[in-house]
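**Q** Dropping the structure in here first, questions after.
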């Protein structure tokens, strides 16, 4: 594709918009439209990420002085603009507050999905359904979490992230009130699916917000916060709601608490979450005549020059042609399906009849998953960032190591997932009276799951950072489809193979579908990226 040239002069308003390579007073700013169409829409016009090919040596004196006064260094990737409304120029506290809000929102997507698990038996009694049918209220919600971002992603790319967060939390609030008032299985199913639709944006497009807000050297740590919260949602939901179901004797107050949390989220978003979608390289749509406050908090119209088309809603699906995204997505989904979905959904089905547990006791079984996930993030997020910095230091700091270098941190994660699944299944099958050994297995599996989640999600985005929003949507879709299918065949697997046989089957699938493809992408990932860049085959 041809390059797009935009003349930028050395005045304050122009420099505030330009964030790429800016020369002297008469030098043009060259914007390359990327390797494909999504690169054009999400990259060149800052649809999800800024220009990352900027060189500090080519900056104007004004731009250089601005960055030094703001960041105390020019060692920044990507290079920010000279605009205080540019999210890369926000103070750290402002970035981190926004990260906490979107990460908590991401947790709520799976928190709401799994929070009703301790009440499955209550649903089965009142709605006259089986516990397996009750589990479909969770499964269908998970499916909507995967499908719905295909709608929200293009909407957020055109109208901004902030309006989507506000609509999402308000819509989820209404749906949870509807669930609290619904006393038929059909009504529960419909409102659960609608709730999944509204609450879903943060599980996918938050990856774009992290890329829009933080520099590359922080990406593993900050992306890890988001992925950790997604992973914590499934265990924290039933852990806390188990107490609610037990002490209220019903499931209605579970939904009322969901609604209250959504209301608090809406208020916090309204006051503390500025717009992160920033138009970097188009003067017409930069809105520099508005104040920084107006652009960050009061801009509810269209952002950027591109029209919204039906094709935009299906763009992320074309990432199936990107091996550096497809393989990590499948590897991650398989592990997440066993180390999170299987354990979360099957705990009440196994522990209730075998040990006679009530809702509160079922909720307590998720403590191991919470502890394991938090410990895993220390290695997957902070540990992998340290590993990447170490690799760069070995190269003398002259260039950054390839994204594939991060994958080395993922292999201990695979090992602990396998170990944890085996411990859980073997111990539960052998036990005649309850002890905590299965929960230790859950903690070990959760530790590995969180490492793999952070490492593979960050690797995919590092490989094609210009597609951050679409990658988040695509990985969420793959994970949700596998997570949705699982509860339909997990009970049959346990019945047919037993828990020990199920452990062997899950370990085999992790080895063949997750570990071996990950080894392949670490070996061939760089050459596959270079081949795609040279042939320009991407059509997203």
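Backbone N, Cα and C define each Cβ position, glycine as well.
Here TrEMBL flags 15-41 as region 'Disordered'. Annotation source TrEMBL lists transmembrane segment at 97-117, 129-152, 164-183, 189-211, 223-247, 253-272, 319-342, 362-387, 408-433, 439-461, 468-490, 502-523. Marked as domain 'Major facilitator superfamily (MFS) profile' by TrEMBL: 98-526.
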**Q** Run the contact check on the transmembrane segment (319-342) against the transmembrane segment (468-490): 3 or more C-beta pairs under 8 Å, excluding pairs closer than 6 in sequence.
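**A** By the criterion, they touch.
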**Q** Under a Cβ pair cut-off of under 8 Å, which of the recorded stretches 164-183, 362-387, 439-461 contacts the transmembrane segment (97-117) most often?
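**A** Comparing 164-183, 362-387, 439-461: 164-183 has the most Cβ pairs near the transmembrane segment (97-117).
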**Q** Might you confirm whether the transmembrane segment (129-152) is in contact with the transmembrane segment (362-387), defined here as three or more C-beta pairs under 8 A between residues 6 or more apart in sequence?
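**A** Since fewer than 3 Cβ pairs under 8 Å link them, the transmembrane segment (362-387) and the transmembrane segment (129-152) do not come into contact.
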**Q** Short question: most Cβ pairs under 8 Å with the transmembrane segment (253-272), which of 129-152, 164-183, 189-211, 408-433, 468-490?
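**A** Stretch with maximum Cβ contacts: 164-183.
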**Q** Between the transmembrane segment (468-490) and the stretches 129-152, 189-211, 223-247, work out which stretch tops the count of Cβ pairs under 8 Å.
**A** 129-152
**Q** Pop the mean pLDDT for the domain 'Major facilitator superfamily (MFS) profile' (98-526) in here, whole number is fine.
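**A** When the pLDDT values over the domain 'Major facilitator superfamily (MFS) profile' (98-526) are averaged, the result is 90.
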**Q** Cβ under 8 Å to the transmembrane segment (408-433), counting only same-chain residues 6 or more beyond its ends: which ones?
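**A** Contacts of the transmembrane segment (408-433) (Cβ under 8 Å, skipping residues fewer than 6 from its ends): 335, 338-339, 343, 350, 354, 372, 376, 379-380, 383-384, 387, 440-452, 455-456, 498-500, 502-503, 506-507, 510-511, 514-515, 518, 522.
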